[in-house]
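Pulled from Swiss-Prot:
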type	residues	note
ACT_SITE	LYS74	active site, charge relay system
ACT_SITE	SER149	active site, charge relay system
ACT_SITE	SER173	active site, acyl-ester intermediate
Amino acid sequence: MPIGAWSDALRNGSATAKEHSEQALERIAATEPELKAFVNVTGDQARAQAEAVDQAIAAKQDPGPLAGVTIGIKDNLCTKGVTTTCSSRMLENFVPPYESTVTERLWKAGAVMVGKTNLDEFAMGSSTETSAFGMTSNPWDPGRVPGGSSGGSAACVAAGQCDVALGSDTGGSIRQPASFCGVVGLKPTYGRVSRWGLVAFASSLDQIGPFSRTVADSAAVLQVIAGHDPRDSTSLDVPVPDYSAALNRPIQGLKIGILQEAFVEGLQPEVEASVRAAAEQLASLGCELVDVSCPRFQAGIATYYVIAPSEASANLARYDGVKYGYRAADAESLSAMTAKSRAEGFGDEVQRRILIGTYALSAGYVDAYYKKAQQVRTLIRQEFDRAFEQVDLLLTPTAPTTAFTPGEHSNDPLAMYLADLLTIPANLAGLPAISVPCGFDGQGLPIGLQLMAPVLQEERLLQVAHHYEQAADVMANRPEAPLVA
């Protein structure tokens, strides 16, 4: 049920938050053995939060804009008193003493947390295969990956285990799993949503955003979590517009740029066909399609895989077995304990990225790799700026392919990294971007359309995505799937 309809039902007495939360927990119990979307199901907290909503309504108090809405929280967001593992052995037993800004705002808005969702370890991956607690399955085909790193959040929404979910996006970790799982995934402008309480991967790239089954629901969640936070020095101190009010504004005359460099060799033919059909759908709604070129777009992935591991190597230096996190036993000295704790606590992919980042930042190579990557990042941002002088939005596929099978890329890191080829540039430039379902391939797997907007233009992004969603009605003729709600 969309958030707007649910809110009406809750307030007119035809439904209760308690009933709604129990339905979500029952759905989780029925599907979780096969789906494995959650690291931790928080049934007691869900019931307590739902009861508080019902009591507020009974007392004629405002329960909040997301009252009773069930939500899954990616397990790299700190939740006070509830384990936050980052799907890593390193933080398997870590219980944060404080609440992240986004979850704090969600609880004040009346949302109900049903659990912490699975992810690639420390958000490093594109499939959830690097999770220390096992891979999440794709609800459309349990024999395929859900994408990553926010695979658990995408899967739980697609499977109807909760209404919405939160993820984090460093190089596509919201949009790519949204594409693979056939849901809406929104990455806001860098700084639009506070990162306070998000376990850091790459601090200049990380951003938090929602998953939902409709664009309107993503707008409703963004409305709550967006806004300045003095605890985050990168948080933007600018007003938050009414995102829901923007959804139905007319889109006639808007210019949509078809980014030529996104339609590359290796793009699955069905993906290209669906995305080009979506562009024509927007043209039929009154948008003007314009071919746009950003020649350095394809340099994004090489740039990212210098900058992100470099920042990760610095951020993950704090896990030394002393202050918190996993501590290895039977070490002969402090230095041996630190080395052993990190070797045993971090998985292979995390260690690989730490090594890459440490190398890129080393004295002999920092100019050749890290500083050069930052220069290319600036050039990519400038190309986007020039593109947005011509058009209002840019359009690409979200991912080059539909969901792949476990193991298909896990032994080939470069092939796995290419899954984020089309999403990474928006992170490098700090742009808002959204993935919306636009079709299915011959195997019944979802395909995602990506739209990108200038900085702080989430209103326009949501507006166009909503009009496309309403006109295309992709899910009306969806194929049957074993775990999809």
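Cβ atoms here come from the backbone N, Cα and C positions, even for glycine.
Note that the coordinates shown come from a computational prediction; the quantities given were computed from them, not determined experimentally.
Neighbour list (LYS74 (active site, charge relay system), Cβ cut-off 8 Å, at least 6 residues apart, same chain): LYS116, THR117, LEU119, SER150, GLY152, SER153, ALA165, LEU166, GLY167, SER168.
Rounded to a whole number, the distance between the Cα atoms of SER149 (active site, charge relay system) and the residue listed as 'active site, acyl-ester intermediate' is 5 Å. All protein chains included, SER149 (active site, charge relay system) registers 35 other Cβ atoms within 10 Å of its own Cβ. The Cβ of the residue listed as 'active site, acyl-ester intermediate' has 36 other Cβ atoms within 10 Å, all protein chains considered.
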